[in-house]
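K.L.:
Here's a structure for you.
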């Protein structure tokens, strides 16, 4: 059995003063509600707040194409946004020096190292708007999971700050800026399905390759995967030789299969965490015969595509994170909304 820690209380930390923009103009535009959630509460300052859904993602295939001179790796991957996500609430703050981030998970830092705060600093630097914010983050997406939960938080933050300040930036600008603070953030500014190259920051919208109603199950052990450790264990000579553009063509015409849902990081992840290989094998043996089982990103989440029934061994192990989920998309100018009721 795995051991999983849990947390329920919120932690609050006021952030140190951030550098001021050269412009001192405040965001004067009226606060706008997102198309996905209505305003439902107020901040501690009594200011109306707006709730946004913060989604995560999976990699339907992930090829590592080269090691770069700067130490990073080039990849070619089909990302898809999914409806497992966190809840985020934003309100404009009267502070002229700091953001305040509130998080339900006390193990997650709420200082300037958090991507939410990095996204707000980036937004101010790029727009010249000196607005600060109060943010509440209710975490549902596990970290160290290969699901891009933190990247989804950053993308949602950029989208929310832009909306609350009257949309001074285009979505194309938000996408371009996001690559400065993280490789996976850009994918969330796609329509939900994206073929990504470079470090992951080069995003090409594609038509969703699978029916959005396709059943999926996510299973994650309590231990997370360290992305640097996984890449350190990567043997470039042991990678797949499949052409990623051919994989993209095939998944759209043939659907998922073991030959298409390739992840070059599975082998090094299974070397670092042998438990993952065992978990994948058990899921393959205990889910529908036509389902496809693969690891997302750098792990440690295992995806069952085509079946969302929770196997008995998973159901009985309280230390395993398990979540049926679905693929989701969005329209330009709108943000994502979940499709499954997890109440």
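Cβ coordinates come from backbone N, Cα and C, glycine included.
Quick paste of what TrEMBL says about this protein:
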- 21-50: region 'Disordered' (REGION)
- 31-43: compositional bias 'Low complexity' (COMPBIAS)
- 114-188: domain 'GHMP kinase N-terminal' (DOMAIN)
- 258-314: domain 'GHMP kinase C-terminal' (DOMAIN)
K.L.:
Can you tell me how the residues of the domain 'GHMP kinase C-terminal' (258-314) break down into helix, strand and coil by DSSP?
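P.N.:
Its residues divide into 22 helix, 9 strand, 26 coil.
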K.L.:
So what's the mean pLDDT when you look at the domain 'GHMP kinase C-terminal' (258-314)?
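P.N.:
97, rounded to a whole number.
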